[in-house]
Ligand SMILES: [Zn+2]
């Protein structure tokens, strides 16, 4: 077997040196394939295409033919470096200084991939191939539009008969220290744009006009209050933010005819995307009839346009998966990880339609920042956690 792939630090250095800013493959999937093939994986590359969008390269690799089947999912694409001059060390250099490795993707999430590869290599060296099957499902389109990535790779694999019993996503889930947090679900997310139609006129003759600003204030107020819920056992309260209100009126003596507001709601498991959208429309319709800001007026006219593809809320309830992972984290770090559903969306929202999915990776503090970096010690610790998880999951799965 390749000695290199058992070393997460060497693996990560190889991956960081591939400038794989979305949508560029940058050599990262080729480097990963070169780590996995010598371990016995069958590695396939799948290019996803969509009109008007750049082609995206993805990778699927599997070892074993029988069950149970565990998937490791992640992405090799990274966000842009930002102000390159502000970096202490070159963003694609993988330089080590002060016990840390610097580079774009160090924690989000080439580091997670590097550690999982190392864990698998060590397990195969010690115990032979897994008693079942193990797959890597790695996309190059997580940080971008996420259209030609995990969603299509899952479809492609499922059409070829691939079935999975569980999935671990290696995103950086720990806020401060390795062992803080496992993600066992995610809130849903829906965005929309409201356009309020009024009547333009003279500011001194408002009775002849219908000010769209009054309308948009009434509608956005109704979205922000009262709270949608108080939270649930596993989730924070749902929260809606109005992200912009645009009128674009340059005159002080003109009543504007149109106002546009955008919003985003992160919702918990007391809602579905459909019910939360219905609640938003109910609130808007009630506010449109409210005469408080528009006394004596007929109901205001507005349109709502929903952003494409809402993210659905999910909560993973799979004892074997959660217990083997959280047990592994505790055995290695001595700390019981919090089982959390906080934070933004991830590709787990697509995977949950195929199998139970949890997320655990590095400490996320520097993700997407200038000087993204990872503690060398964390790479070794995460590798041991992943190795322990593999032993426990396949062990328990056999029992
Ligand atoms: Zn990521």
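Even glycines carry a Cβ here, placed using N, Cα and C.
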TrEMBL annotation, Zn(2+) 2 site containing 143, 368 - matching residue among 108, 165, 176, 180: 108
Given TrEMBL lists 75, 108 for Zn(2+) 1, the same-site residue among 162, 171, 233: 171
Residue 75 (Zn(2+) 1 binding site) to residue 142 (active site, proton acceptor) - Cα separation in whole Å: 6
Recorded positions close to ligand 1 - of 77, 108, 171, only those whose C-beta is under 6 Å away: 108, 171
Residues flanking the Zn(2+) 1 site, with Cβ no more than 8 Å from the Cβ centroid of 75, 108, 171 and excluding those residues themselves: 74, 109, 112, 142, 143, 169, 170, 172, 346, 361, 367
For the domain 'Peptidase M20 dimerisation' (184-290), residues assigned helix / strand / coil by DSSP: 33 helix, 36 strand, 38 coil
By Cα-Cα distance, the member of recorded positions 77, 108, 368 nearest residue 142 (active site, proton acceptor): 77
Under 8 Å by Cβ from residue 77 (active site), same chain, sequence gap 6 or more: 20, 21, 22, 23, 24, 28, 139, 140, 141, 142, 143, 144
